[in-house]
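Below you'll find the structure I mean.
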There are 2 protein chains.
Amino acid sequence: MKCLRDIGEDALIGKLLKGFPSGNLHTGPGDDCAVVDPGRGRLRLLKTDAIVAGVHFLPEAAAAKVGWKAVARVLSDFAAMGGRPEYLMVTVALPPETPVKWVEGLYRGIRRCLETHGGVLSGGETTAVPEGSAAVISVAGEGSVARGELVLRSGGKPGDVLAVTGRLGGSIAGKHLSFTPRLLEGQWLGRMGARAMMDLSDGLAKDLPRLVKASGCGFEVNSEWVPRTRGSSLEKAVGDGEDYELLVAIPPQKWEAGLKEWPEEFANLTKIGFLTNEGGELSGGWEHFF
Amino acid sequence: MKCLRDIGEDALIGKLLKGFPSGNLHTGPGDDCAVVDPGRGRLRLLKTDAIVAGVHFLPEAAAAKVGWKAVARVLSDFAAMGGRPEYLMVTVALPPETPVKWVEGLYRGIRRCLETHGGVLSGGETTAVPEGSAAVISVAGEGSVARGELVLRSGGKPGDVLAVTGRLGGSIAGKHLSFTPRLLEGQWLGRMGARAMMDLSDGLAKDLPRLVKASGCGFEVNSEWVPRTRGSSLEKAVGDGEDYELLVAIPPQKWEAGLKEWPEEFANLTKIGFLTNEGGELSGGWEHFF
């Protein structure tokens, strides 16, 4: 009998969601968030995400960092649409042997992340998992984005500049627990007319083709342009994942001016290539990543 | 060191949520749902909930029923506010040995519940838990309620009739996996002017005091009036939990007319007592439940 270990997540999700009515969703599953158009005012962004002990964090990780990460991952998805957080709900499923102090630390991290980046905790539930089971922290929530500033994965056009925020690779050394969701950068990019955007959670090598495919384009990237975390090889920079940086496609006529006005306090924005009509032109030793 | 097994969920949640800014929430944590007032139009209801293998369902339970239950529990909370479902997000954390067929069944149940009761799936995520860990299904979502038809737990007044929908007890025999969330009944009760309402998930003996306390009242109930599932003792009817029926407080002047107009196709509505000024007057052998 086929088990989950035998098939990939993308394939599974695609299979499972087939046939679900999408109702009046502006944008359904497949982007960083689903989008609801309430008819007036800001568009609403919906997202759910979970982290699991032993998969997304080590059981011995500092609880406050785990709480921060659980929330920041969802905020990063709002950022990837050009949006901001509004209401967050946290469900925590923990084994009975979990120290109360750990749970308190977890919530301290959740609160710190919301205080820093905005968003109101509008629901919290704890539930037990059997002894020895992995802890699961599930965060669902709602963000919003101004009409006209929403950026999907699918809007890129040939000729657009491909760029990333920050530096890539080596997140496992610590950044994956304490990263800054690029909310200000994402909102800025939405306002300046970015055409496609996503956050890098699985690594550039896996995520770039998703944006390119959603936009119906090809790409041309130069691996030498990819900003690497100090000490990261190219392989780590494009393959490690958990960067939580933004990958963005910007119309060429807006790139130069946009870069000039890019606020100094933001994470760096670095050009790594272009969208093209089709195919993937690679330079600098990318081939084996795709 | 104090562990989760040493303290109750209510105490923990209270402790954890202290100090979180409630922002512009109309109603914060502590009711069946949080409520957001968008300034115009319907009020929005926010809720998150999770079920766990070995705790809320047996691993050998039919997958479609598990999916139904995961969603219906959240819909029951919308019902308890007088509302209806709008957007649901489902996060599924499963061990790698889970058969793909089981996951497909799970989603079939989720879809059937949404098709039957309304609500759009606006996000689905699957994530792995380590081998041997319990499956966790977390459902978060948004409902809505017409302004003026929202019913909180806290609105009850002395003299109000206390009533429940359906019959209580013995849910473990099967109803806990296939119950009907009382959405139509809850909406009707909201329109007819019910003053306090909640859904019965932990059993009348635990849940009634919560509504009474939130309303700042006392109560007088007659255990002989409690509608029991066939074969259920009083003890089971008030203690089993997982009834997912509504407990409601209705102004006495609206009770008679409301009952007369109560649609035949709805679950029965049965008077079990009254709200009083203070204390708990009990008759029929309740004492040891409180």
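Using N, Cα and C of the backbone, Cβ positions are placed for all residues, glycine too.
Just so you know, TrEMBL annotations are computer predictions that nobody has curated.
Just lifted these from TrEMBL, have a look:
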type    : residues                     : note
DOMAIN  : B:30-143                     : domain 'PurM-like N-terminal'
BINDING : B:Asp32, B:Asp77, B:Asp199   : Mg(2+) 3 binding site
BINDING : B:Asp32, B:Asp77             : Mg(2+) 4 binding site
BINDING : B:Thr48, B:Asp49             : Mg(2+) 1 binding site
BINDING : B:Asp49, B:Asp77             : Mg(2+) 2 binding site
BINDING : B:His56, B:Glu242, B:Trp286  : substrate binding site
BINDING : B:Tyr107, B:Arg153, B:Ser201 : ATP binding site
DOMAIN  : B:193-279                    : domain 'PurM-like C-terminal'
BINDING : B:Asp202                     : Mg(2+) 5 binding site
Among all the protein chains here, how many other CB atoms are within 10 A of the CB of B:Asp32 (Mg(2+) 3 binding site)?
25
So among the binding-site residues B:Asp199, B:Asp202, B:Glu242, who's got the most Cβ atoms within 10 Å?
B:Asp199
If proximity means a C-beta under 8 angstroms from chain A, which of B:Thr48, B:Asp49, B:Asp77, B:Tyr107 count? These are the binding-site residues.
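Cβ contacts with A, in sequence order: B:Thr48, B:Asp49, B:Tyr107.
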Helix, strand or coil: which one is B:Asp77 (Mg(2+) 3 binding site) in, per DSSP?
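Where B:Asp77 (Mg(2+) 3 binding site) sits, the three-state DSSP reduction gives helix.
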According to DSSP, collapsed to three classes, what secondary structure does B:Tyr107 (ATP binding site) have?
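SS state of B:Tyr107 (ATP binding site) = helix.
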When the domain 'PurM-like N-terminal' (B:30-143) is classified with DSSP, how many of its residues are helical, how many are strand and how many are coil?
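Secondary-structure composition of the domain 'PurM-like N-terminal' (B:30-143): 35 helix, 45 strand, 34 coil.
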Helix, strand or coil at B:Asp199 (Mg(2+) 3 binding site), per DSSP?
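In three-state terms, B:Asp199 (Mg(2+) 3 binding site) counts as strand.
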Would you mind splitting the domain 'PurM-like C-terminal' (B:193-279) into helix, strand and coil residue counts from DSSP?
30 helix, 23 strand, 34 coil
Within the chain of B:Asp77 (Mg(2+) 3 binding site), which residues six or more apart in sequence place their C-beta under 8 angstroms from its C-beta?
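The list for B:Asp77 (Mg(2+) 3 binding site) reads B:Asp32, B:Cys33, B:Leu45, B:Lys47, B:Asp49, B:Gly143, B:Asp199, given in order along the sequence.
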For the domain 'PurM-like N-terminal' (B:30-143), what's the model's average pLDDT?
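A mean pLDDT of 95 is what the model gives the domain 'PurM-like N-terminal' (B:30-143).
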Considering Cα atoms only, can you say which of B:His56, B:Tyr107, B:Arg153, B:Glu242 is the nearest neighbour of the residue listed as 'Mg(2+) 5 binding site' among these binding-site residues?
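Nearest listed residue in space: B:Glu242.
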Counting only residues 6+ apart in the same chain, whose Cβ is under 8 Å from the Cβ of B:Tyr107 (ATP binding site)?
B:Gly67, B:Gly124
Nearest to B:His56 (substrate binding site) by Cα, among B:Thr48, B:Arg153, B:Ser201 (binding-site residues)?
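It is B:Ser201, whose Cα lies nearest.
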Consider the binding-site residues B:Thr48, B:Arg153, B:Ser201 and say which one has the Cα lying nearest the Cα of B:Glu242 (substrate binding site).
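So, of the listed binding-site residues, the one sitting closest to B:Glu242 (substrate binding site) is B:Ser201.
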Find, for the listed binding-site residues B:Thr48, B:Ser201, the residue with the lowest Cβ contact count at a 10 Å cut-off, counting only other Cβ atoms.
B:Ser201
Based on the record's binding annotation for ATP (B:Tyr107, B:Arg153, B:Ser201), what whole-number value in Å is the widest Cα to Cα distance?
32
